[in-house]
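Structure first, then comments.
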């Protein structure tokens, strides 16, 4: 049986609103509460591949036992007095670099923001590493032995009250789990799932260590980890939000929005069996005849229901998903076309990311991993025309093994409203949140893009990937792009500036961050830097306008566009938890070193230096010092 997709040439749109398409705080839908003040404070360091790493290793190649032992040895030599545990999400990327992750412990409890990631090269030696381990005095175990801390219900109630969460908890019961300090809190109402609480240590913004309850609450709009002081249950030390606010007849891959073409296209079996061996409709157990499969499940959620399995989705016994999309029609009239478009774009992006290295081992989103590593049963829940909000889109990324959730909304800047799923850049931007959160810090840790600069880069990566995908054959480095232009009916889009290599059109640079406090604004700075790097690489290597990259014998994309995307993705897995701009830049340089032997240092340094992130650029709490210098031995050039 063949599947027909009516896909319009809606090239992947350039825009995707993560937390909020309009300027917004960390969690815009928490009325009266600004979660920005609870963002985690970055405390990571990153030792890149250019620095000498003093550890002796046996170069036996990447055998699992050997690369894990090498990583353990590095952690022990770096922090000889620290205790820690090896996480289970280590893997070898398709660039040949192994990624091993550790969590610091104190008195057998996790230090929840104490992370150490080790990257081991093809030869078995340490390539680079990052860490945010706590190095101060360890608190006495007395607080634990005497149980001098509050119960988890008190912590939950304080979080609900202080953050004004729409959950009632008047008659809560505590259920123990296999973990001695982890509990399920039953008897609440208003949450998608039962809240959870876990006793952990937490490094506070002032650098001290304290015992906290990590309270997990999912209310759709916000999926929070709230760190409540365990002694008093009257203070919140930090908050992480998993939600980032972004035959088929469809707008095809590379078509950004309906404004670019007159009609949609009909596609037959558009998947690639190397990337989706079960196709888009099978999950290893059943061959579905609706918009459901191994990579995602798409449905309408007009009434903002908390569940999704029984929501409406089109069904075709012949897998012929061709539906009308009338120009100027009411959104409800084309709900079948909307769901089909969302299912298509998400699956197509899954397949592209797979070939660029975001596979099962790396923590991608699939129900069935076919024994290829990683945790299963975590496809993406795709809600079209979700009734929870307007003029927005969002993506929730829990750790590997739990389904992600994308909610696409209607945009009311036109009459009738426009459906965000038809601007594929929004879908791409949102899905990229899942990519960057699963790779940064490892698949089992979704808390590593929670500081201001790291969250900003989370937004910037989404804009960058959406923009790179929508490039047209006629584009040059003089081509400018906006984000959200179609849904907002505005040629300038929703960002402060267009993405451009012209400093007159877009003057943003590294020190612009000193005047910014919101992640979407900061993300525009990061994406502007990546846009410079993108065109530098295209000018050197050319541009492949096809839907998939071609690789040389080393696994390196042969063109500049896909090479830029590949290096950016590889760097996410190298960088530390909650990186800053300087560390992320260094990780991109390291990614090129691992993939090509550093053949593109000049192009990368030149792109970053043009916008103030050159050699010598520095980050210090809230204050950045820019630099336009390029290392003298890289390309003998200074901006």
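Glycine residues also receive a Cβ, built from the backbone N, Cα and C atoms like all the rest.
Checked against Swiss-Prot, the residues 81, 368 yield a single entry marked N-linked glycosylation site: 368. The least crowded of the binding-site residues 429, 433, judged by other CB atoms within 10 A of its own CB, is 433. Residue environment of residue 509 (N-linked glycosylation site) contains 19 other Cβ atoms, counted within 10 Å of its Cβ in all protein chains.
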